[in-house]
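**Q** Below is a structure I'd like to ask you about.
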Amino acid sequence: MLNIPIIANSKRFLFSKDHEAQSTRDHDVELETREGPSSGYNPNFNAADAILKKNSDQVDLDVNKLTNVTSRVLNTPEASLIYDDDREFPDGGLKAWLVVFGAFMGLVPVFGLINSLGAIESYISKHQLANISSSTISWIFSLYLAISFLSCILSGGYFDRNGSIGLMCTGTVIYAGGLFALANCKSVWQFILAFSVCSGLGTGILMTPLIGTVATWFLKRRGIATSISTMGGSIGGIVFPIMLRKLYKEVGFQWAIRILSFICLTCLICASVLARERTKPVVQPFKSKAEVAKWYISSVFNWRYFLEGKFLFVAIGASFAESSLTSCATYLASYSMTRGNTENVAYTMITASNAVGILGRYIPGYFADKFIGRFNVEIITISMAALFNFVMWLPFGGNTKVLWAYVCLWGFSTGSILSLTPVCIGQISKTTDFGKRYATVYLLQALVTIPVLPIGGTLIGKGTVANYNHFIIFNSALMAAGAACYIISRHICVGAKLCKF
């Protein structure tokens, strides 16, 4: 069969076929699509059922045997062979922006806590786990991030088939339960069980529907819409460290975490109400439990995605860049205090990086949609982050003024990593496959994240300046490798030419 990404209705195409020793011939053919169940948000289209007809006779063509095929739609210039039909997406309106607001509220705790790990790590390393080594403590946060990304695979296929509401409710209960349990933790295994496993699992389950619902409402403005929704992570990263620092002193660790848990629970309830997909998926019921199991196993991890070079290098690039980002954010406060700054200054630096990150999400997202393109912006910002690590943090981290400048510039340049990664994935994917592809990327990221923080903790060791410099070099190299992978993916898609992409 000829596999065409999107054909909304029957159209007339002119195909030029050049295969083997046959002469070039023009065939006036009609493409039809049979209506059938779909796994996502183009419910009336099934690419596998596309049929070529010539002179009212069905023509069965093997797409692998066709070369030099060109096509044009006759008398329908608005139709195009692209992954998604932009006429299906509102790209605005009250309902669409309420979904963005709902995703924003949900990402305040989900991404906000990831951006605030330093506020928790720096406290427990000096109190509950004061006698535990940095490399051991790092496993708490490494496993939290790994489980967060790994559990995305549980929600990707489910979201494509069933929508968001079940995932939102389940993720909210698990996430909030883990945070409430965190308040009573005193040993490493308790922190791992409550925070790493429970809250991490809830984070991963929530991540896909919060990002995915926005993708079902926007196409042309998807970059800016996703950037606005992920600003919730920056808001959480601003508020949570300041709030925790104050509450640690006034009410202690237990009630500080409980108050944080109530705030996160409220935000997630709001998100569950507002963040809904545009249309309910139209799916074919499963005939047996074996079919259910087979489908979910195949949707959890589809290794065939990695056969696409453009997808493979986006996945690797995102994994390297986000692992570097979370590792640096986790140890930034501890590094600042090692350099002689007070705890107040260290926590304020975390807040400052997240505050500037708001601009780092919005401005790149705007330029990505309007002028430069999503991949181009992602390459520029990731490269800037690596450069700032090498030329500011590494040689001049002991100078408080330079460190402040670095924190602000780094916060801006890394702001788009979390916001534009799903947009770049969506740009090379059909919306019907977005959940599974997004989850597959984060499966790879989980595998990368598991060793990154422990390696960082081992490099830091006793916390000397020389040890931290080794840590900085390691994370800078990861960030640079992430930029290189995005460049390779872009080259696979459009080559070396300068264009909006």
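Placement of Cβ uses the backbone N, Cα and C atoms for every residue, glycine included.
From Swiss-Prot, for reference:
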- 1-97: topological domain 'Cytoplasmic' (TOPO_DOM)
- Lys54: ubiquitin cross-link (CROSSLNK)
- 98-120: transmembrane segment (TRANSMEM)
- 121-134: topological domain 'Extracellular' (TOPO_DOM)
- Asn131: N-linked glycosylation site (CARBOHYD)
- 135-157: transmembrane segment (TRANSMEM)
- 158-163: topological domain 'Cytoplasmic' (TOPO_DOM)
- 164-183: transmembrane segment (TRANSMEM)
- 184-187: topological domain 'Extracellular' (TOPO_DOM)
- 188-210: transmembrane segment (TRANSMEM)
- 211-222: topological domain 'Cytoplasmic' (TOPO_DOM)
- 223-245: transmembrane segment (TRANSMEM)
- 246-254: topological domain 'Extracellular' (TOPO_DOM)
- 255-274: transmembrane segment (TRANSMEM)
- 275-310: topological domain 'Cytoplasmic' (TOPO_DOM)
- 311-333: transmembrane segment (TRANSMEM)
- 334-342: topological domain 'Extracellular' (TOPO_DOM)
- 343-365: transmembrane segment (TRANSMEM)
- 366-371: topological domain 'Cytoplasmic' (TOPO_DOM)
- 372-394: transmembrane segment (TRANSMEM)
- 395-403: topological domain 'Extracellular' (TOPO_DOM)
- 404-426: transmembrane segment (TRANSMEM)
- 427-438: topological domain 'Cytoplasmic' (TOPO_DOM)
- 439-461: transmembrane segment (TRANSMEM)
- 462-470: topological domain 'Extracellular' (TOPO_DOM)
- 471-493: transmembrane segment (TRANSMEM)
- 494-501: topological domain 'Cytoplasmic' (TOPO_DOM)
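What does the local environment look like for each feature on the list?
**A** In the predicted model, residues of the topological domain 'Cytoplasmic' (1-97) average a pLDDT of 43.
Helix, strand and coil counts from DSSP across the topological domain 'Extracellular' (121-134) read 5 helix, 0 strand, 9 coil.
Packing around Asn131 (N-linked glycosylation site) is summarised by its Cβ count: 5 other Cβ atoms lie within 10 angstroms of its Cβ, all protein chains included.
Sequence-distant neighbours of the transmembrane segment (164-183) (same chain, 6+ residues past either end, Cβ-Cβ under 8 Å): 106, 109-110, 155, 158, 191, 193-195, 197-206, 208-210, 212-213, 253-258, 260-261, 264-265, 268-269, 271-272, 275-277.
Beyond the ends of the transmembrane segment (188-210), by six or more residues, the same chain brings 103, 106-107, 110, 113-114, 124, 128-129, 132, 136-137, 139-141, 143-152, 154-156, 159, 163-164, 167-168, 170-179, 181-182, 229, 268, 271, 275, 435, 438-439, 442 to within a C-beta distance below 8 angstroms of the stretch.
Residues of the topological domain 'Cytoplasmic' (211-222) grouped by DSSP class, helix first, strand second and coil last, total 6 helix, 0 strand, 6 coil.
When DSSP labels each residue, the topological domain 'Extracellular' (246-254) comes out as 8 helix, 0 strand, 1 coil, counted as helix, strand and coil in that order.
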**Q** Could you check whether the transmembrane segment (372-394) and the transmembrane segment (471-493) come into contact, where contact means at least 3 Cβ pairs under 8 Å with the two residues of each pair 6 or more apart in sequence?
**A** yes
**Q** Do the transmembrane segment (311-333) and the transmembrane segment (223-245) come close, with at least three CB pairs under 8 A (pairs 6 or more apart in sequence)?
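**A** With fewer than 3 qualifying Cβ pairs, these stretches do not touch.
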**Q** Counting only residues 6 or more past its boundaries, what in the same chain has a CB within less than 8 Å of a CB in the transmembrane segment (255-274)?
**A** 98-99, 101-103, 105-109, 113, 165, 168-169, 171-172, 175-176, 179-180, 182-183, 206, 210, 240, 243-244, 247-248
**Q** Where DSSP helix means H, G or I and strand means E or B, what are the helix, strand and coil counts for the topological domain 'Extracellular' (184-187)?
**A** 0 helix, 0 strand, 4 coil
**Q** Out of 98-120, 135-157, 223-245, 439-461, which stretch touches the transmembrane segment (343-365) the most, going by CB pairs under 8 Å?
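**A** Ranked by Cβ pairs under 8 Å, first place goes to 223-245.
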**Q** Which stretch, 98-120, 223-245, 439-461, tops the Cβ pairs under 8 Å count with the transmembrane segment (135-157)?
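**A** Checked against 98-120, 223-245, 439-461; highest Cβ contact count belongs to 439-461.
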